[in-house]
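The block underneath contains the structure these notes are about, expressed in structure tokens.
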Amino acid sequence: MSRHFDPFREPASGWILHCDADAFYASCHMAQRPELREQPVVVAGDVRTRHGIIVTANYRARQFGIETGMNLGQAWQLCPDIVAITPDKSLYRRYSEHLHHIFQQYTGIIEPLALDEAWLDMSNQMSFAENPALVAASLQAQVRERLGITISIGISVNKMLAKQVSDWNKPEGITVLRKDELPERLWPRPVTELFGCGPVTAQKMERLGIQTIGDLAQQPLSAILHQFGQHGLALYLRAKGDDYTPVINPRCTDRRSVSAEHTTAQDLSGIADILALFQQCSQEISARLLQLGLVGYRMGIKWRTTDFRLHSKQLSSSLPLQSTDSIYRLARQLWLHVAENRPVRLIGITVSLLELPSPQLRFWDE
């Protein structure tokens, strides 16, 4: 598939699925131990000392207010009866392989996004075009019967809309969103729900009066480009439902790097302002790496000082770079090492040495 495409061009026909396993890590353990299905279950880092961070909680545990990222001790205060399980990476990889094998029985055009989720391009499947929800229900049944876990599915005309709606009816929901339904069903939702819109961008949008996805979709494109650059364009297209980036199997990609940069209208000298730009670049790169299902092992930062000189610094990473946090941490480390004391006008990050994660995709981001 060609990587040269027009994101504004809507395909003549076709549906994209976003399949997302429900509470994946906890569900894998419950499939192995059926007696846990009716109990509140969490997967956490350090069960023995009760000081670990919760990686995921099943839906029974969530009824008590237990959330991903919560300290295990706090979770036990909310629900003394929770069953806490130490993560088992090999178990999750095994279930992930089986899950993606089932996906392959429905289409050969699959773009993994994580261990537990993927986009499926069903554009060439005639049976799916006639009744997308019925075929999605068949896929759910296959996963439930063969693996003992459940998945939720979002269906729409492009992959970003499909991802937006896949969690609207969790667990084991199917949501179909047609393009003409956006004003009624998507636009009233807060802009923070838009895929790729991180907290820094959302705060800036809210200061400009952009509170909902519809607010963003109805802004003049020139204003969005002026305030947010290319990242703003990507969010704008998603809000309008006009991002037709194709589903790409990462094993077929020849991409060598992913970059993001921002040029400011005025000199920046404060460390907080400069790091905020690095944070925004990190969010953009992370979103793209997640789309591609790739990780990187080298980072470069660049900056242009007010004398129009372009500077750069690179560093290899022993750990895979994919999440916003991992990218930002290394960019921050590089910048503080540089100790540039002159005002800057441009900040950029490049992540390179891209490859498929080994042995699987993102483990800790569910």
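Note that Cβ sites are derived from N, Cα and C of the backbone, with glycine treated the same way.
TrEMBL labels come from automatic prediction, so no person has curated them.
Annotation source TrEMBL lists domain 'UmuC' at 16-198.
Over all protein chains present, the Cβ of Asp20 (Mg(2+) binding site) has 23 other Cβ atoms lying within 10 Å. Secondary structure at Asp20 (Mg(2+) binding site), as computed by DSSP, is strand. Summarising the annotation, TrEMBL assigns Mg(2+) binding site to Asp20, Asp116.
According to TrEMBL, the feature site 'Substrate discrimination' maps to Tyr25.
What TrEMBL lists as active site is Glu117. Every protein chain considered, the tally of other Cβ atoms within 10 Å of the Cβ of Glu117 (active site) stands at 24.
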